[in-house]
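S.K.: Sharing a structure, written as structure tokens. Questions coming.
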Ligand code: ATP
């Protein structure tokens, strides 16, 4: 058995470049339309990536709708009536401030340039300067003082990393929504948007679900779906894409109780991330000082990516902003009748527009966090035998393939026996059969995609119906009867065990 010496799961030494290369090489994530040199900030999930992503989505779905009997799911369309985005504020204010450097012709997000500067102050130990800069930026953006933002960039001595100059253009607001047209004839075609968030599909269905499901407040509606944003600067792999997937839940509550629910969902969501295997010291809360126009409290759950702590999920107390805006624009009442008795008045709470607590996590950012955390390089063996080993330390419940079955040699009935085992497990888990190359190479191939168990069939198997099972993380091997495989693997890969930790 090899003894791991330098465990380095997702260590700071792991660069994003290593992650991107591994994701591509082993069928997790490919650049979109790569044969045409790709499309910036758009990616495709490969044969292993889609399994990992689906497992994450399934766990989220179960964590929301199965663990909470007052949360139900929907699947709304990507296209919505254009007034939806007027009501939500996206038409008028879903903007990012952009700035160009005249020498390099590169485009940046003005707020991100300032945030990077603030991060540099903080890293140098000057928290005060860092906070002051963020506050000043918040004030200027809040006042829509774009000239002030440009002056601040120059005053802070921020230079374009490409050209090294501060030859900046003015700052302009740029709307992030993609638009297109519905209707076949030019004259009756009308402008519609690709949704920039899934949340609005939930808001416009609030009463449909409440009435048909006879839901009582508090209750939640969950949804997984694509969202589209024309991000100005899209770097950092699947962290910031122009087409991505969100997993959102809107929780409708009685006004005045929102802070209690906000706190409880914040903690529930943190537990989720730990249960899927992200370590506590790589996760933290980041409370928003400056709140969006619709929120009265907001916190991000940040994960320590190879490029630093960044937002993975947002938990927002959105008040009645959205439902109220939809009520005004659609002229359809978005109220709920609460027949519970208010102890203060002795009368039912009656009609009101519910307040909303939202949890919103990007499936792709969660995928990236889990992938970065799993990517492990370690030195194994002693002396001359030392070598580097790379594997994906994925939680077995998330692994794309749960077990690989190998015949030791390609003769004497071993392949048939191995095929038999695959057949007996296949309806329960994703299992594959592998006979090419030496057995060591086969183990390595499975390590690289995170398969937790490798089952080897040898001559002893033919005599006593036992096999060896090799554990991915320790490379330890045990011998067990074939009849015990299903229960043993089943226990390790079960989502139930992950959900129980939440
Ligand atoms: P950021 O500040 O990073 O742009 P945001 O605050 O605009 O993110 P929200 O609008 O709160 O993000 O969206 C909720 C979640 O959706 C985010 O926490 C993130 O996980 C995901 N998300 C948002 N934009 C993108 C994107 N361009 N690519 C991938 N995931 C995204």
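Heads up, the Cβ atoms here are built off N, Cα and C, so glycines get one too.
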S.K.: From the candidates 197, 302, 416, give the one listed by TrEMBL for the same substrate site as 109, 244, 245, 246, 247, 248, 358, 359, 360, 361, 362.
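M.R.: It is 197, as the record lists it for that site.
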S.K.: Would you identify which of the binding-site residues 229, 240 has the most other C-beta atoms lying within 10 angstroms of its C-beta?
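M.R.: Result of the Cβ crowding comparison: 229.
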S.K.: Please report the distance from the Cα of residue 365 (ATP binding site) to the Cα of residue 244 (substrate binding site), rounded to the nearest angstrom.
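M.R.: Each residue's Cα considered, residue 365 (ATP binding site) and residue 244 (substrate binding site) end up 9 Å apart.
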S.K.: Distance check, please: Cα of residue 246 (substrate binding site) against Cα of residue 229 (ATP binding site), rounded to an integer number of angstrom.
M.R.: 12
S.K.: If you count the other Cβ atoms within 10 Å of each Cβ, which of the binding-site residues 361, 363 comes out on top?
M.R.: 361
S.K.: So for residue 359 (substrate binding site), how many other CB atoms are inside 10 Å of its CB?
M.R.: 24
